């Protein structure tokens with residue numbers, strides 16, 4: 001009989017989808033196991049016959065499914081306003097590029113967000129965060145990018161820090177100052193990039209407000225040369241990087257980000273084979289964002305078969321934002337990734353667990369159920385992981401465990 005230490009907590013009579021690639025079964029499934037949690041981490045996974053049947057800190061889950069906590073590795077959670085009117089314009093024939101050129105798009109949200117009080121932004125973002133938590137999300141990336149000036153970018157990152165301080169969910173904050181050219185720099189995008197590189201990145205990094213730097217390399221964002229200035233600045237300071245690339249056209253953004261060993265290249269609908277090879281060589285995760293693909297009614301699919309062939313890890317995220325993916329649901333993103341992009345349900349699960357963890361640089365601690373990893377997991381009223389992907393309108397979450405505590 002396995003001896004437990006005071007303070008140990010056990011979840012027994014469970015079916016574990018460990019998402020551990022070292023296990024041979026699909027989803028890393030193992031039956032009739034018990035999960036021992038100690039000091040917020042998984043201490044061990046053992047056959048349940050090695051443990052007492054009952055006790056003060058022993059939870060009998062009656063055969064329920066347990067998975068790692070979900071990870072949403074790409075969101076724009078902190079913003080004010082909405083862009084419903086733009087959506088109607090697009091449905092009446094206007095393109096995303098045309099709307100952006102007329103001062104809409106990202107800059108419309110920038111105006112609303114700059115004018116919004118920090119406490120109001122916090123309350124709006126907190127409600128969105130808790131919606132994701134209710135689906136089993138335990139680690140969440142939050143980008144800035146709706147300030148496009150030092151003061152408001154800092155305000156957005158402070159909101160992310162305040163959300164993290166609640167200890168309800170892990171937050172990975174990302175500086176996305178190179179999201180768009182603000183109206184006041186419309187005729188001088190290079191000047192804005194200078195502001196980002198010489199002021200925003202170093203000052204906000206010194207304050208410890210973000211974990212990584214992101215950028216938007218696209219015809220409606222920044223060109224390759226401007227994007228590289230951002231990457232060079234970040235890497236000179238030792239900051240991990242990532243990029244929104246190849247969403248609407250092929251500019252070579254994936255190759256650029258991979259050359260700087262980027263954590264991830266996101267969107268990637270127009271990614272070509274050279275870009276896929278560069279991602280493999282750079283250790284860069286491909287992040288699929290099917291919500292934006294759906295909402296913009298795009299037709300160019302990301303090259304899933306090429307990503308498989310080159311063994312590039314593929315993550316899936318909600319891309320929750322007011323303009324192009326107003327879907328605060330990782331379950332829906334998983335379903336869309338399967339239906340629209342052809343992922344298997346197991347690939348979708350890997351995309352919101354171990355590969356999403358890698359996209360945030362957390363692969364050594366998050367995204368799998370194995371000894372030494374964080375005790376962030378979800379108990380589901382389900383028999384198979386596919387059920388969560390198959391029916392996104394139904395949430396079979398039974399229990400969410402964060403840092404070893406039922407939350």
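Cβ from N, Cα, C; glycine included.
N-formimidoyl-L-glutamate binding, as stated in Swiss-Prot, involves 321, 323; the candidate among 122, 146, 185 given for that site is 146. Swiss-Prot lists 83, 146, 179, 324 as 4-imidazolone-5-propanoate-binding residues, and of the candidates 247, 255, 261 the one it assigns to that same site is 247. When the neighbouring Cβ atoms lying within 10 Å are counted for each of the binding-site residues (247, 321, 324), the highest count belongs to 247. In sequence order, 141, 143, 264, 266, 287, 289, 315, 317, 318, 319, 359 constitute the residues six or more apart from residue 74 (Fe(3+) binding site) in its chain with CB-CB distances below 8 Å. Mapped onto three states, the DSSP output places residue 247 (4-imidazolone-5-propanoate binding site) in coil. Proximity to residue 179 (4-imidazolone-5-propanoate binding site), judged by a C-alpha distance within 10 Å, picks out none of the binding-site residues 76, 321, 323. Among the listed binding-site residues, namely 76, 83, 179, 244, the Cβ with the most fellow Cβ atoms inside 10 Å is that of 244. For residue 321 (N-formimidoyl-L-glutamate binding site), the nearest of the binding-site residues 76, 83, 146, 244, 247 in terms of C-alpha separation is 76.
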